[in-house]
There are 2 protein chains.
Amino acid sequence: MAEKPLILVTNDDGINAPGIRTLIEVMNQLGDVVVVAPDSPQSGMGHAITLYSTLFADPVKIDNGPQTEYSCSGTPADCVKIAIREILNRTPDLCVSGINHGSNASINVIYSGTMSAAIEAGIEGIPAIGFSLLDYGHDANFEPSKPYVKTIAEHVLKHGLPEGIVLNVNIPNLNKEAIKGIKVSRQARANWVEEFDKRQTPQGKDYYWLTGKFVNLDGGEDTDEWALENHYVSIVPTQFDLTAHHFINDIKNWNLND
Amino acid sequence: MAEKPLILVTNDDGINAPGIRTLIEVMNQLGDVVVVAPDSPQSGMGHAITLYSTLFADPVKIDNGPQTEYSCSGTPADCVKIAIREILNRTPDLCVSGINHGSNASINVIYSGTMSAAIEAGIEGIPAIGFSLLDYGHDANFEPSKPYVKTIAEHVLKHGLPEGIVLNVNIPNLNKEAIKGIKVSRQARANWVEEFDKRQTPQGKDYYWLTGKFVNLDGGEDTDEWALENHYVSIVPTQFDLTAHHFINDIKNWNLND
């Protein structure tokens, strides 16, 4: 393309998180970067949008990079919407979300604010990628992620993505030498077995904290969980047509109109 | 089954909404009903879960029906999690969510708290259905929905649903005579074109309200939008494996490891 690509960057851990700082640094090597990201952590927000509250989106300057940045009071999906409709002068060539502090592999994609931002961009026809590192810590080491983030973003800028598909990229928490490469995978079947931590308020009223244990129910060697456990970066092409097309005829055979 | 089916009821409009009251009334005809629903409206929450705040789930008595009810401070997905792990003595035979005040057809499924509750139950292996009526008003007329809700729930209790699939049912806002029947459909390709209503605080700071216009981009006669516009109740079998399986080989051909 004649001009530099326009890249929209967002996340769900908030605009000050180390993960998005790394992502901005890499994207500055590939194009003109505009950041519109939540002003506070939004993990576990799924595809929430703000219907009953006002939204703020304020210009901010956080580091010395060449990017333009806005801090937004909304969810990750809100950030993408407001960026496209109010902040950017043209449709971006790429939207990247992350780098998330923690896994968005397997069933985690459903709960992920990071991926909801990528999906929101995908709904708008923008090639989009969510990146996650399998380390929940604030002091996670994002260095080994950089070459993978750059390579995958370059390929998406070059090839584009078909309508209706975004990429879910998860990176194992390993040093550079230990990562074996990239595997294109499918979403593993897994769930969380919640363990609610039941407590009492000082006034004697029951309340709960949601905690849980991740359980991989899927032994397939073509899954994202397998790739990550075997030291590969996983890419799952992810769609937002949720129709279970293969089951349509089965329901028709229920003869619901009889 | 020997004993009556155990039915978990939830929604995203809050435990006092007329839609859930109708759903409870119909489910009381089919089994033993336990309601665990949000204490306040949660529309547009997507698949949000509560990670950074405490959860309350308090027994309540709202009407004179035989059901047991709990009012929960969390999201629709939280309600299902806490019901399964803390409130119910056994796995329910069916989970129903709704009846939502407003459409969850086409792309709305992505933002829907109603459907996130059904999907959460589906992840736990419980047959689940989200019901929505195409009327956003608090005084919507749920009467014509009742026979369809009952028929579809009865069929799911009888046939079950395969692992990984839940049903997204949308009902047109018409009187009984005008509804033509049930159509099994696919999710239409559509989006929302947001129109941010930009205002200023009394102190002169910009802020926004999110509003938007729904745009159906899909002319297919096999879609949920087509069914609804043509006076049918739409059922879309909906999955939470988001993998775009058909695109895996294309990405492999990018040769990302070269």
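Note that Cβ sites are derived from N, Cα and C of the backbone, with glycine treated the same way.
Bear in mind that TrEMBL entries carry predicted annotations, made automatically and left uncurated.
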Of A:Asn64, A:Asn89, A:Asn100, A:Asn108, residue recorded by TrEMBL at the divalent metal cation site of A:Asp12, A:Asp13, A:Ser43: A:Asn100
Cross-chain proximity of binding-site residues to B (CB under 8 Å), evaluated over A:Asp12, A:Asp13, A:Asn100: none
Cβ neighbours within the same chain of A:Asn100 (divalent metal cation binding site) - under 8 Å, at least six residues apart: A:Asn11, A:Asp12, A:Asp13, A:Gly19, A:Ser112, A:Thr114, A:Gly130, A:Phe131, A:Ser132, A:Leu133
Candidates A:Asp12, A:Asp13: member of the binding-site residues with the richest Cβ shell (10 Å): A:Asp12
All-chain count of other Cβ atoms within 10 Å of A:Ser43 (divalent metal cation binding site): 21
Beyond the site residues A:Asp12, A:Asp13, A:Ser43, A:Asn100: chain residues whose C-beta lies within 8 Å of the centroid, for divalent metal cation: A:Asn11, A:Gly14, A:Ala17, A:Gly19, A:Pro41, A:Gln42, A:Pro76, A:Gly98, A:His101, A:Gly102, A:Ser112, A:Gly113, A:Thr114
